[in-house]
Amino acid sequence: MEFPDLGAHCSEPSCQRLDFLPLKCDACSGIFCADHVAYAHHHCGSAYQKDIQVPVCPLCNVPVPVARGEPPDRAVGEHIDRDCRSDPAQQKRKIFTNKCERSGCRQREMMKLTCDRCGRNFCIKHRHPLDHDCSGEGHPTSRAGLAAISRAQGLASTSTVPSPSRTLPSSSSPSRATPQLPPRTTSPVIALQNGLSEDEALQRALELSLAEAKPQIPSSQEEEDLALAQALSASEAEYQQQQAQSRSLKPSNCSLC
């Protein structure tokens, strides 16, 4: 007696055996016999969906959960950066304490990389204003520019302070007190250099310092030095004249054939 509707044939092309107790693969949903139901025996193309492995942290030996489709190396790296309890990981977190403030980025750096426009801290990849969609306005000012502005403001404040002799009225003639005019605000560079260029102002300062350091020489000594210098120059000129005359009077050894 035959039962044609009982059982099913094996889906393996090389087998095709009629099995009365067929088995269904939970990965590819194929029907196989007991000999080919394993993933490796029928070369299942969907076996990777069931081959789930949980990576283990190499430092603390704790299993790290991984989402579907996420690389295990990335999950282990984030676990070491945030949740690992081992000594090397905790020491690393103490060094890399500057977290990037861009949304979605978890990178940490050893030093602060602050944006000059918005003032927030970012990692190396997102330190430029275009990389983190900077909301700050205007162009950033460098540290040298800020220092120059502060120096100019300091010079301007010192140049505009009135002297005590101008502000205090004279006690001898109180009736002749004149109304004081507001001080003029001049440029700190012009007030410092008196309208000269930088090279001229530097040369003028050097001349003044040399004049102050030079000792006062009596006028008689200056006259003696001048006379001595004139005598030396005259003797030098006379010697050169004698040398020129001796060279001109020297007979020439050249002869024309």
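Every residue, even glycine, has its Cβ placed from backbone N, Cα and C.
Swiss-Prot annotations:
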- C100, C105, C123, H126: Zn(2+) 3 binding site (BINDING)
- S163: phosphoserine (MOD_RES)
- S173: phosphoserine (MOD_RES)
- S187: phosphoserine (MOD_RES)
- 221-240: domain 'UIM 2' (DOMAIN)
- C254: cysteine methyl ester (MOD_RES)
- 254-257: motif 'CAAX motif' (MOTIF)
- C254: S-geranylgeranyl cysteine (LIPID)
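Report note: the Zn(2+) 3 site is defined by C100, C105, C123, H126, and the residues of the same chain whose CB lies within 8 Å of the CB centroid of those residues, excluding them, are E101, R102, Q107, F122, I124, K125, R127, H132. DSSP classifies C100 (Zn(2+) 3 binding site) as coil under the three-state reduction. The Cβ of C100 (Zn(2+) 3 binding site) has 21 neighbouring Cβ atoms from other residues within 10 Å, across all protein chains displayed.
Residue environment of H126 (Zn(2+) 3 binding site) contains 22 other Cβ atoms, counted within 10 Å of its Cβ in all protein chains. Look at the domain 'UIM 2' (221-240): DSSP puts its residues at 20 helix, 0 strand, 0 coil. Annotation: C123 carries the greatest number of neighbouring Cβ atoms among the binding-site residues C105, C123 [cut-off 10 Å, Cβ to Cβ].
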